[in-house]
Number of protein chains: 4
Amino acid sequence: MPSLYARQSLPPCRWNAMLTTHPFDDDKLREECGVFGIHGADSASAVVALGLHALQHRGQEAAGITAFDGKEFHTHRAMGHVAGNFDRDEIIRQLDGASAVGHVRYSTTGETALRNVQPLFADLSTGGFAIAHNGNISNAAALRKLLVRRGSIFQSTSDTEVIIHLVATSSYRSLLDRFIDALKQVEGAYSLICLTAEGMIGCRDPLGIRPLVIGKLGDAHILASETVALDVVGAEFLRSVEPGELIIIRDGQLTSHRPFAEQSARPCIFEYVYFSRPDSIVDGTSVYSVRKAIGAELARENPVDADLVIPVPDSGTPAAIGYAQESGIPFELGIIRSHYVGRTFIQPGDKVRHLGVKLKHNANRALIAGQRIVLIDDSIVRGTTSLKIVQMMRDAGAAEVHMRIASPPTSHSCFYGVDTPERAKLLAAQMTIGQMANFINADSLAFLTIDGLYRALGEADRKQDAPQYCDACFTGDYPTTLTDFDEHGLEDQFSLLAERVV
Amino acid sequence: MPSLYARQSLPPCRWNAMLTTHPFDDDKLREECGVFGIHGADSASAVVALGLHALQHRGQEAAGITAFDGKEFHTHRAMGHVAGNFDRDEIIRQLDGASAVGHVRYSTTGETALRNVQPLFADLSTGGFAIAHNGNISNAAALRKLLVRRGSIFQSTSDTEVIIHLVATSSYRSLLDRFIDALKQVEGAYSLICLTAEGMIGCRDPLGIRPLVIGKLGDAHILASETVALDVVGAEFLRSVEPGELIIIRDGQLTSHRPFAEQSARPCIFEYVYFSRPDSIVDGTSVYSVRKAIGAELARENPVDADLVIPVPDSGTPAAIGYAQESGIPFELGIIRSHYVGRTFIQPGDKVRHLGVKLKHNANRALIAGQRIVLIDDSIVRGTTSLKIVQMMRDAGAAEVHMRIASPPTSHSCFYGVDTPERAKLLAAQMTIGQMANFINADSLAFLTIDGLYRALGEADRKQDAPQYCDACFTGDYPTTLTDFDEHGLEDQFSLLAERVV
Amino acid sequence: MPSLYARQSLPPCRWNAMLTTHPFDDDKLREECGVFGIHGADSASAVVALGLHALQHRGQEAAGITAFDGKEFHTHRAMGHVAGNFDRDEIIRQLDGASAVGHVRYSTTGETALRNVQPLFADLSTGGFAIAHNGNISNAAALRKLLVRRGSIFQSTSDTEVIIHLVATSSYRSLLDRFIDALKQVEGAYSLICLTAEGMIGCRDPLGIRPLVIGKLGDAHILASETVALDVVGAEFLRSVEPGELIIIRDGQLTSHRPFAEQSARPCIFEYVYFSRPDSIVDGTSVYSVRKAIGAELARENPVDADLVIPVPDSGTPAAIGYAQESGIPFELGIIRSHYVGRTFIQPGDKVRHLGVKLKHNANRALIAGQRIVLIDDSIVRGTTSLKIVQMMRDAGAAEVHMRIASPPTSHSCFYGVDTPERAKLLAAQMTIGQMANFINADSLAFLTIDGLYRALGEADRKQDAPQYCDACFTGDYPTTLTDFDEHGLEDQFSLLAERVV
Amino acid sequence: MPSLYARQSLPPCRWNAMLTTHPFDDDKLREECGVFGIHGADSASAVVALGLHALQHRGQEAAGITAFDGKEFHTHRAMGHVAGNFDRDEIIRQLDGASAVGHVRYSTTGETALRNVQPLFADLSTGGFAIAHNGNISNAAALRKLLVRRGSIFQSTSDTEVIIHLVATSSYRSLLDRFIDALKQVEGAYSLICLTAEGMIGCRDPLGIRPLVIGKLGDAHILASETVALDVVGAEFLRSVEPGELIIIRDGQLTSHRPFAEQSARPCIFEYVYFSRPDSIVDGTSVYSVRKAIGAELARENPVDADLVIPVPDSGTPAAIGYAQESGIPFELGIIRSHYVGRTFIQPGDKVRHLGVKLKHNANRALIAGQRIVLIDDSIVRGTTSLKIVQMMRDAGAAEVHMRIASPPTSHSCFYGVDTPERAKLLAAQMTIGQMANFINADSLAFLTIDGLYRALGEADRKQDAPQYCDACFTGDYPTTLTDFDEHGLEDQFSLLAERVV
C-alpha cells in the first residue's frame, strides 16, 4: 500500500545526509507493510501492539491501530516504531475493545504522512469500516481518477483508499457484497484485514502474493502477516489463509469463502530470501530451513577454496551457516554489527563524512587479517553496501574476498508492495556478473541460480510456463497486469492538486 | 461551524478542574469562528496569520491556514492560538503562495479535533478546493445522512464538510455552479471564504447572520470577519459583503453576484453587544459607539443613586463609560483584571479549590470600601460569574452593589454558530429578573430592554413582524427553520459509528 | 537578580524579528523578579503557584518552586509562564510539602538559563537551603571572583549565587549567623525568601528598595512581593516587611530581627509609577490611588485644551482617569488593546514587516477622527512606542495629539533589579523635552515634575539631601555604591570561561 | 561513576511494568560508562558523537559532550541514546571547537538526572574544567561529607563531582598539581578524560580497572574506552593507557606521566567475558578470540552429548562458536532475537502480562523440535532470564536442554562502576550449581572454572596471592579498600537533604 502520489514529495537530499544505522541495510528491498488483527479478546489493542512489534521488520516508518469497543471505533496512528508509541498506557487505554486491527508501514516521512498511515477508517452507510492492507493495488491511480469524477473525496494519497470508496459507492447492499464487488475491480497484491461493528474480515488476493496466517489465542481469532506475530503473544498457529480465500470472523466463529475465480497461486519468493523473519513459517515452510538450504545449494553451485565463511549480518547468517556446513569451511563472525543499529543516526554536519564512518558494521580485524574469506549476503540491490563491506574486509587485512549471494541477481522492480529502486538503479539490470564482481572489488562473485532457489524450496525446478512463485524481481515475469505503470503519468496529474498538510 | 457530532465526547470533569483565566468569561456566549482570506499578495499566509491574530477573540481553540502556490495547496492546522503556531517561520515558509485563507475556531479540544479544524480541503474533479466557514448549517445532520447513503465518506464531524460533498457530487459542471447548487441546499448561517486554483470566493448567507467585510491591501483583495483584521495589516476597508452576496476574486478583479432570492437581512445583534471587537465597524456602524449608546440608554432606563460606576472588565467597559457620562457618576476601575488571563491556568490539585481563588479579577479594595457601586456587564448567561463578582465587591467592603446589564435577558440558545449552553442552563430562561437579582445577591439588577437595544442601534424600535436583526437569543424568534434540531436525535445515531482518533 | 554574566549571549537579531505582543510594552522598564513563600500550609506549592501567577507581571521569562516535605527538598524550574508549567498536577504533586518558596523572573532566554532560574538550592553542611531573590547585588562580580579563588564552584551566572557561597564558606556556625554574615558583605537591593528544613526566612535590604509583604492564610504564614499575591489565595495582609528587617517563620511563629545598622529607607518610587499592580498596597499606600493622584497632579501641572483623554492601555489608565476627572475632559477608549497580547507573536518572515503591523493596539477610528486628544502614558523609555502611538492617532484622523507622561523623564539606568537599557538608549538622557516632543511627533509633550510625583505620594516635596524614595532612574541619585559597575569589565573576564549548556 | 546518593530514588515498580527489549538482557551486569575525547580536530564534537555511538553498549541512559572553541566551553547533555540526541545538526553546531570530550552512562532515569550526566564542568580559578569518568570512587561519600563541611556546594549526586571539588580547593597552584593531589585522595576505579582551555588529560587508576586507549586521527589525538570507538571514525589505534599512567595532550603533543606509586595492575576480567564489544582489543588482546577460547575451554571442561549448539544471542555467540568447533556439534540459530530490541517496549496495561510475552527472543521451533541442545550463555546473574530461555526451548519441543556458562558463577557485587544487584539477589550467592540447574529447569548446568577463564586469557592459572585481573565478582577478592561501603549508611544521611529537581 505505498503511496503512488506522494512519491515525488520525498526530500531526496535528506536521505543523502543520513548515515542510517538501520539493521536492514540501505541496499535492501524493503517490505512495505505488516498487518495484525484480533477478534474476541480482552484488551485486543494491547495484543495487536505486541503483534505489530513482532512484525516491525515489515515496516518501520509508521504504525496504527483501530479498535472497536462495541459502540465506537477508536484509532491511533503515529510516525515511528511500535515501541515508543503503542506501548504507552494512555494510548492503549483509549483503544478499548475486544477487537482491533493494526498495521506497520514503511513509507513517506513527515507529519503529512499521518493521513496515509493505516488502518484507514470510514463511516459508511453500512457502519464503521477499518482496513489494513499489505500489498499494492496496481490500478489504483486509474480507479481514483474515476471515483473523483463521480464525487468521491479522497483523504489520503494511499492506494488502499480506493478500496474504501469502491465499497462506499458500490450498488450492492450488504457490506460483504460491496467489499467483494470492490476487490473484483482492483488488481495487484493484497492481504487485507478489515474491522466492522459485526466482525473481522481477512482476504488474500487470488495469487496469494503477500502472506497471511490464522492463529488462535484462547477463544479469540487472529489474522497476521507472519507466524512470529502469533509466537510473540503465545497464540496457536492454525494455518495460512489460502490465495483467493476470504475469511469472516464473527461471534467467535471463523468461516471461509471463495469469492474469486480459481487461479494458480504465485506467492512472493522473496519472503523466503529476505523479507520474512527466519523463525516464521510461510505457507507451511520454515524460513530458516529454506535459507540454510539456499546456503548449501550455493556452496554446491559455487564452491571456493577459503579459510573462513563470514555472514553479512544479520540477514546472511542462516545461508552462511548452510554454506559452512556444506563446505566444511569454519563459520566465523568477521563482521560485528552494532547493537544500536535500530536507530537512525543522522550524520552531524558534513565535516565527518570523509571519515568513511562505519556505524553499523565493524570488521573483526584480529580474526580476518591474512585470511581468505567467503562473504555470504542474501542479495545485491544497488551494490553500494557490498562495495563498502568488501573494502572493509580488505582494510582489515583479508587475503582474498569471495562474495556469494543467496539469491539470483535482482534485476526488476516490484509493483506488489515492496519498495524497489527504479530498474535503472538495480546493479543487476546494468551489469554482467563479471562487471559486478569488478564493481564491488571482490576476488570472485557468484549468485544462486533461479533453479537452485526453487530447489532450496523443495521444487524440482521452476516451471517456466506456470511458475510456482512470483519471482518477477529476478525474472521480470509479472503475474498481473500493471495498469497504472503502463499508462505512466496518471499519478503526476493528480498529485499536483493534492493538498500538502504541513 | 461547530461540530454537532462530537459534542458528547467532551470530557466534562476536565472543565470542572480548570480555573480558566480566559479573558472572555466562562459565563459568556462564545463566537465560534473567524475567517480571513487574501488573494494576490506576496507572502499571503503571513498576512493571513496576522489577520487571524486580530480575530482571535472569535475562536481560541484552533486555527488553520491553506495557501496556494500556483501549483499546490499547502495546509497547516493546529490546536491552540495563532501566536505560537502561525508565527513560526518554518510554518509560514511552507505555506507559500500569493493566495491563502485562514480560520480560527472555538470548539472541542484534543488531537482528535484536528480533522475538524478548518480550512477543510478536498481534491475535487474540478481541482483543489479549500473552505473556511463562520456560522452553522442547521440541516447538516440531515444532509450528511443523505450523502453517506449515496457513498460519500466524511473526514470530519464538522457541519461544514456537507458543503464540500454537495459540491463534489453536484450534477452541475463548473465549480461555481456546483457551489451555488450546494448552498441552495443548506440552511442556517454562513460567511464563507473558499480558495481554488483560479481564485477566491466569498459568500454571506441571505440573512447575513454572520459578518464579512472586504478590504484592499495594495493590489490584493481581502475578505475577513471584522474590520480589525484589516487594520492590523494596514489594509483599506472597502465595504461589507452584503447578505446573500457572492464575491469572486480572480486575476486582481472583484465581481459581485446575487445567486439567491431576495430576502430581508437579519444580521446578528449580539455582534454589537459582545462578539465583535469594540474597534470594529460592523455593517457600517462603530461597535464602540453602539456600546456607549447602550450604556447611556441603560442609564436612562435604569438610573441608580451611587458613588462609582465600575465596569466588569473588559467587555463591560464601553457601556460603563456611557453609563457614567450619562449619569454623572464617576467611572472607576474597581476590578483589576490580571494581564495574564489569556492563558488557561489549570488548578493544581484539589486542595486549593476552597480558597475561592481569584485568578482573573481582583477587587480594588482601597477604592471600593464603603462605596455604593453600579456594576456594568454586557450580559448574563448562567449567572455564575455575576454571583462571584458581586460577592467580590461585598468582600471588598462595598456598601451597595447595583448590577446593570447592557443587553436584554439571554433566554434562548443560538443555532447559528455561537456556543450557547442548552436553554435549561440560561439563567434568564429559568428566573424572573427579581429572582435573578436575588440569585446573584445584588442590591438591584436591571437589563436593557429589547427596544432600548434597537434604539442604541439607531432604530426607532424593533419591528415586531420583520425584525431588523437576528435577536433570537433574546426573543426566541429564529429567522430560519432548524431541521436538525427539530428532528432531534439524528446526530447521535451517526456519532456512534464515527471514529475517534486518539 | 539579573545575570550579569550572560547578558552578551543574547542572540540580538532574534529580538529584532519579534513583534512582541507583550502587555507591558517593549518600551517599558521591566521589573526582574517576584517572590512568594508559604510556611505551614497543606499543598504549599499549589498556593505558591497561585501567588506567582498573581506576580507574573514582575517576571515572565521563567519560574521556579522549591518545596520541603519534611525530609527532602523538591524543585521544579521552567522557562515560560507560571500557567502552563506550574498548574500541571504532576508537577505540583511532586512538589509535596507544607512549606514552599517560588520565584518568577524576567531574563535571558533559552534552555541554558534554567541553571539561573530560581529558587537556587544548595546542600550545605547545615542542611538544605533554597533562596529566592528580588533585586540585584551590585558587587556580585567582585565577590564571585574572590569566592572562585578560594575554591567555590558556581553553578549559575546569577548574582544571587554569591549569597549561597558566602553562607557555605562563612566561618560562623549556625545557618542564621552565616546568612547575616553573607548579607553584610553584599551591596545592592534584595528582598529574599529562604527555605530550610527548619523554617522560612525573609529579609529586605536596609534601604527597602524592593517590596516584601507578610500575609496569613489560616495558620500558615506567607511572604510575597505584593499584596495582590495574598488576595489571589484569599490570605490576610498583615504588614510590609520593613527595610532592614529579617523575619523568621518557624513552628507557626513569626519573629522579627534587625541585623543591620539603622539607615533611612529608600524604597523604589517606580513601583508606584509602573511596576506594581494597581490593586496592590505598597508600603501602606494604594497604588491605584497614587496613580490617579499622579494624573490629577499632571492635569494641574500641564493642562491642555482638548476633546478626549485617552490612556495608553493598560498602564496609563488610572492616571488618565485622574487626569480626566481633574480636567473635566471626557475619558474614552481611543486605543483598543488586543486581548491576546499576553503571548509573543513572532513576525512570520520579513515580508510583512513593512505593513507596520499593529498587533497590540488598534486605534478606535470612529471615536478619534477629527478630535483633539490628550494621550496619557506612564513613562517614556526609548520613545519608540510613543512615536508609533502618536502616529497611529494621526492616521486615525486625530486633529491634535498632546502627550502627557505620568512620571518625570527617565534619564538613568537602574542597578537594583530592573532591566533598563544602557543610558545612551534612554530618550531623556539624550534630548530636551522639546526635542522629545519633536521626535515622537506630538503637538505637545509634558512630564510630571519630580516634586509633583512626591506630592502624589503625599509628601510635601522631595527632600534633596535625604530623599524619601529611590528615584535614581529620574535623578541619577543612587543610594548605594555600585562596585561592579564602577570597576567595569570584571564580568566579561569571567563569562569567557563559563560553560554554555546547549 | 554511578550515583551513590540517588539510588533509592528509583521508582522500583516502574521497572516491573516494563518488558524491556534491551539487547543486553535484564539479567546482565551493566557497565556504567564509556568515555571519548579528541584534541586537535575539525568538528571535534561530531567525532565524539560517533565515538560515543560505538560505545553505546557501555551506557544507554544518558550522554553528554563538552567542547572548547578556543574561548568558551559548550556542553550538551541529554537523557537517552546518542542517536536521536547528538546526531542533530543544531546540537553539533553549538558544540563548536577543535577539542571535545564525551560520556555515555547507564544510570538513574528522569529529568532529575541531567545534573548527574557527564561531562561535569566547573569554572575554576585556573579556568574551565570538564571531566568524564568511567569507574567508581569507592570513598566518594566520605570525601563529600568533608568537602561540604568546608563550604563546597555540590551540584549533583555523582561520585565524580568530588574530584572536581578536590581540584578546586586544593592548595596546589597549577591545575595539574591540583588534579594529581585530588586523585591521590580518591580510591576505586577511574578512567578519566578531562578538558581544559590548554589541553586534554587522560588518566587510568593505578590498578587499571577500567580500560582506556589512545588513538590518532590525522594530527588529532583520541582517548577512548575501547578500540571500536577508534574504528568507527577510522582512527589508528596507538596503544592502551597503562594502569597508573597520566596522559597530557597539548599543542599536538602527547606526554606520559606516572604520578602514582608503582602497583601490580588488576584490570577487570569481566570486560573480556561480557562488557567490551567482541571486536575490541582490550589491553592488547582480541575480545572475540578470548570468547572463542572460553567456549573451547568450556567444551573441554564440560562436554555433553547433544545435537545442536545454540547461543543465547548475541553475547553467547562467540563462545558458542568456540564450543561447537571444539566439540564438533553443529552451531545453529535456535533463538532468533528481534531486530528491534534496541528500544524499550513498555508493556501496555497489565492485561497481557499473562501471555508470557517474548518480545526479545523467539524459539526457532522447526529447528529445535525433538533435538538435544546445548545452550551457551556468558553469565548468570539473577537467573531469571535463563529460566525463561530454558522454558522457551522446552516449549519449542527440545528433547534435552543443557546449559553451559562461559564464566564462573557470579557471586559478588562490583563496586568499581558496574551496576550489580545486591549480593542477596545473585543466584550464585544463594545456591549450589545443582540447585541452580534445578532452579532454571535445565537437564544439566555447568560453569567455566576460574582457572579455565585465566587459561582462555593465556595465563597458566590464577596467581592466588597476586591475581593478574580484578575478578572480585567471581571471587570476592576486592583489590582496593571500600570506605563508603564498609561504613555503611553515610550515603543515606546525605541524600535526605539533597534536592530533587522535578
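The backbone N, Cα and C atoms fix where each Cβ goes, and this holds for glycine too.
For the domain 'Glutamine amidotransferase type-2' (B:33-252), the model's pLDDT averages out at 93. Per TrEMBL, the feature domain 'Glutamine amidotransferase type-2' maps to B:33-252.
All protein chains considered, the CB of B:Cys33 (active site, nucleophile) has 27 other CB atoms within 10 Å. For B:Cys33, the entry in TrEMBL reads active site, nucleophile.
Sequence-distant contacts of B:Cys268 ([4Fe-4S] cluster binding site), defined as residues of its own chain at least six apart whose C-beta falls under 8 angstroms from its C-beta, comprise B:Ala189, B:Ile209, B:Arg210, B:Pro211, B:Phe275, B:Tyr416, B:Tyr469, B:Cys470. Annotation comment: TrEMBL describes B:Cys268, B:Cys414, B:Cys470, B:Cys473 as [4Fe-4S] cluster binding site.
Summarising the annotation, TrEMBL assigns Mg(2+) binding site to B:Ser315, B:Asp377, B:Asp378. Less than 8 angstroms from the CB of B:Asp377 (Mg(2+) binding site) sit B:Pro311, B:Val312, B:Ser315, B:Gly316, B:Ser386, B:Ile389, B:Met403, B:Arg404, B:Ile405, B:Ala406, each of them six or more residues away in the same chain. According to DSSP, B:Asp377 (Mg(2+) binding site) is assigned to a strand segment.
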Notebook entry, point to check: How long is the line from the C-alpha of B:Cys414 ([4Fe-4S] cluster binding site) to the C-alpha of B:Cys33 (active site, nucleophile), rounded to the nearest angstrom?
Noted result: 14
Checklist line | Chain-mates of B:Ser315, B:Asp377, B:Asp378 with C-beta within 8 Å of site centroid, Mg(2+) | finding: B:Lys28, B:Tyr274, B:Pro311, B:Val312, B:Gly316, B:Ala319, B:Ile376, B:Ser379, B:Ile405, B:Ala406
Notebook entry, point to check: Since the record lists B:Cys414, B:Cys470 as binding-site residues, which of them has the fewest other Cβ atoms within 10 Å of its Cβ?
Noted result: B:Cys414
Next item on the list: Determine, for the [4Fe-4S] cluster site, the additional residues of the same chain whose CB lies within 8 Å of the mean position of the CB atoms of B:Cys268, B:Cys414, B:Cys470, B:Cys473; present them in sequence order.
Entry: B:Ile209, B:Ile269, B:Phe270, B:Tyr416, B:Val418, B:Asp471, B:Ala472
Checklist line | C-beta crowding around B:Cys473 ([4Fe-4S] cluster binding site), within 10 angstroms | finding: 28
Margin query: Counting across all protein chains present, how many other Cβ atoms fall within 10 Å of the Cβ of B:Ser315 (Mg(2+) binding site)?
Written below: 24
Next item on the list: Write down the Cα-Cα distance for B:Cys473 ([4Fe-4S] cluster binding site) and B:Cys33 (active site, nucleophile), rounded and given in Å.
Entry: 18
Margin query: If I take the alpha carbons of B:Cys473 ([4Fe-4S] cluster binding site) and B:Asp378 (Mg(2+) binding site), what is the distance between them in whole Å?
Written below: 14
Next item on the list: Give the number of CB atoms, excluding that of B:Asp378 (Mg(2+) binding site) itself, located within 10 Å of its CB.
Entry: 25
Next item on the list: Check B:Cys470 ([4Fe-4S] cluster binding site) against DSSP and tell me helix, strand or coil, would you?
Entry: strand
